[in-house]
Structures are given as structure tokens and as C-alpha cells.
Amino acid sequence: MLELFSSVQGEGLLIGCRQIFLRLAGCNLCCAYCDTDFAPSAHCRVEQQPGSGQFVLWPNPVALPMVLGQIRDWLQQAPGAHHSLALTGGEPLLHGALLRDWLPQLRGLLPVQLETNGTLPQALAELLPWLDFVAMDIKLASQTGVPTPWAAHDEFLRLAAQRCCWVKLVVGPGTATTELEQAAALVVQRAPAATLVLQPRTLDHRCSLSAAELLAMQTVVAGLGVEVRVIGQMHRYLGML
Ligand SMILES: C[S@@+](CC[C@H](N)C(=O)[O-])C[C@H]1O[C@@H](n2cnc3c(N)ncnc32)[C@H](O)[C@@H]1O
Ligand SMILES: Nc1nc2[nH]cc(C(=O)O)c2c(=O)[nH]1
Ligand code: SF4
Ligand SMILES: [Mg+2]
């Protein structure tokens, strides 16, 4: 485990909701735009007072009772403040066995949102009963630098559609209309109730696209019958974790 903190969700459909973030190490992808250090570490950093920027280091592997104790403290300090728990990484679905163990108790404290790259459908299938929200990326080759894993995304989205789910597309300079069309078609086919979020790539702390470029992309996706939102990474602007 790499991080445990209480913040405000800065992306996707739960933007603005207070959440506890649990970040796990490791990833099966290497997106060119990735803003997160997910390398395994000997320590997990745990923010003390939320927003303080003061961390204590817990040695890895962290045991579940430590995590539950810290979350209970935050919930008691701020009654009713938290909406849910965000499980992120790295790619959290690489830790299927651990999550199978942990999720029943974590979900006893808060509803659970999974942040995922949408490439590990088998792992998702095993954890679905303990997930309330699934925020899935479709990884566009123009931004990641590697071909989009369309087949894995297809299988993944079929499963995610059994939960409250939305799809994030990180878009940026070079994103092709054909990519947007293919992603929108997949959503229409596999999860017609899901919203598609256009998330502009953040580069050097700024939005990498102009207003005109974002609106043009929004027009393409909306024209294909998908519910669409344009949402940037708000936590960066707020200066939050
Ligand atoms: C760090 S990832 C962890 C979860 C999972 N590995 C994934 O990619 O969905 C969390 C989210 O941050 C997004 N993200 C990472 N770097 C970004 C950037 N520079 N600009 C915009 N979004 C970014 C990812 O696309 C993903 O939606
Ligand atoms: N505030 C905040 N919102 C987020 N939404 C997704 C995040 C992630 O790294 O998965 C993230 C994050 O790291 N911080
Ligand atoms: S899948 Fe997520 S954590 Fe992994 S490299 Fe891409 S953005 Fe980063
Ligand atoms: Mg992040």
C-alpha cells in the first residue's frame, strides 16, 4: 500500500465528494501521461490531519486493522463528511486476493469506488459484489503511447455495467476523432447507461487542450448518443492530494 488520505474526489462523476483514498502499488500499464508514482515502496504514507500535508510512514505490508483504525478515526473526527472510499493506484485490480480479503470490511465503513484502467476483467468479476462505483478508463493510444487494449476494455465494460459506472477518456493534443468514435461506440454497445467523461490531460499543472478543442471533442461524442461530461482534474487546481 502506498498512500492513505482523506481528500475530495477531483475526477469523474463523484467530483467534489469527500473520499478516503487508498492507493495500491504497481501497474500493468505505463501511460505516457501518468501523474502518479506507483512503484512499490517499503512504506505507505498516511496523511495525519486531512489537508495538513503531514504524513506518517507505515512499514509495508500494512495490515487491515491499521487501515480500518485510521479510517474510523477520520470518520469519527468528521461525522457525516465522507461519501465513499476510493480505491486507486497504480492499478488496484492487480491486488485481487488482498482486496477480496479487505473489501468486505472496508465496505462496512463506506461505499467503495474503484478507479481502474479497465484492462483486468477477470479480477473485476471477482470483486464486483463489494464495489458500489466503477470509474473505468478507456486508454487512448494517442495519449498513452501504446495501442488501446480494445478487447480487454470491451470485456471489462460489460462487467462494470452491472454497477454504477462511468468511463473516463484522458484526451489531449493528438487525440483523433476516430478514437473518440470507437470509445463512444463501445459505451453505447456495452454500457448504454454509463456517462463518458472527457478528462483533459493535465500537463505542467495546466489543461493541455484549448476550449475550442474540448468543445469539438464533446460534440463528436455527444453526437453518437452518449451522455458526456467534460471534467478536468479539479484536485490539482484546489491544491489537494
Ligand atoms: C493514476 S490513475 C490510477 C487508476 C488506474 N490505474 C487508471 O489509470 O485508471 C487515476 C486516474 O488519473 C488519470 N490521470 C493520470 N495522469 C493524468 C494526467 N496527466 N492528466 C489527466 N488525467 C490523468 C488516469 O487516467 C486515471 O483516470
Ligand atoms: N483528489 C483526488 N482525486 C482523484 N481522483 C482519482 C485520483 C487517482 O489518483 O486515482 C485522485 C487523486 O489522487 N486525488
Ligand atoms: S494505468 Fe493508471 S496508474 Fe497505470 S500508468 Fe496508466 S494512469 Fe498510471
Ligand atoms: Mg491522482
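Positions of Cβ are set from backbone N, Cα and C atoms, glycine also.
According to TrEMBL, the feature substrate binding site maps to V8, Q9, G10, R23, T88. DSSP assigns V8 (substrate binding site) to a strand in the three-state reduction. Cβ neighbours of V8 (substrate binding site) (same chain, under 8 Å, six or more residues apart in sequence): G16, C17, R18, Q19, M234, H235, L238, M240.
Residues or ranges marked as domain 'Radical SAM core' by TrEMBL: 25-143. Taken residue by residue, the domain 'Radical SAM core' (25-143) breaks down under DSSP into 42 helix, 25 strand, 52 coil.
What TrEMBL records for C27, C31, C34 is [4Fe-4S] cluster binding site. Other Cβ atoms within 10 Å of the Cβ of C27 ([4Fe-4S] cluster binding site), summed over all protein chains shown, number 18.
Of all Cβ atoms in the protein chains displayed, 14 besides its own lie within 10 Å of the Cβ of Y33 (S-adenosyl-L-methionine binding site). If you look up TrEMBL, you'll see Y33, C34, D35, G90 marked as S-adenosyl-L-methionine binding site.
Residues or ranges marked as Mg(2+) binding site in TrEMBL: T36. Within the same chain, residues at least 6 positions away in sequence whose Cβ sits under 8 Å from that of T36 (Mg(2+) binding site) are R23, G89, G90.
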Alpha-carbon spacing, C34 ([4Fe-4S] cluster binding site) to G10 (substrate binding site), which is rounded to whole Å: 15
From binding-site residues Q9, G10, Y33, D35, T88, the one whose Cα lies nearest C27 ([4Fe-4S] cluster binding site): T88
C31 ([4Fe-4S] cluster binding site) versus binding-site residues Q9, G10, T88 - nearest by Cα: T88
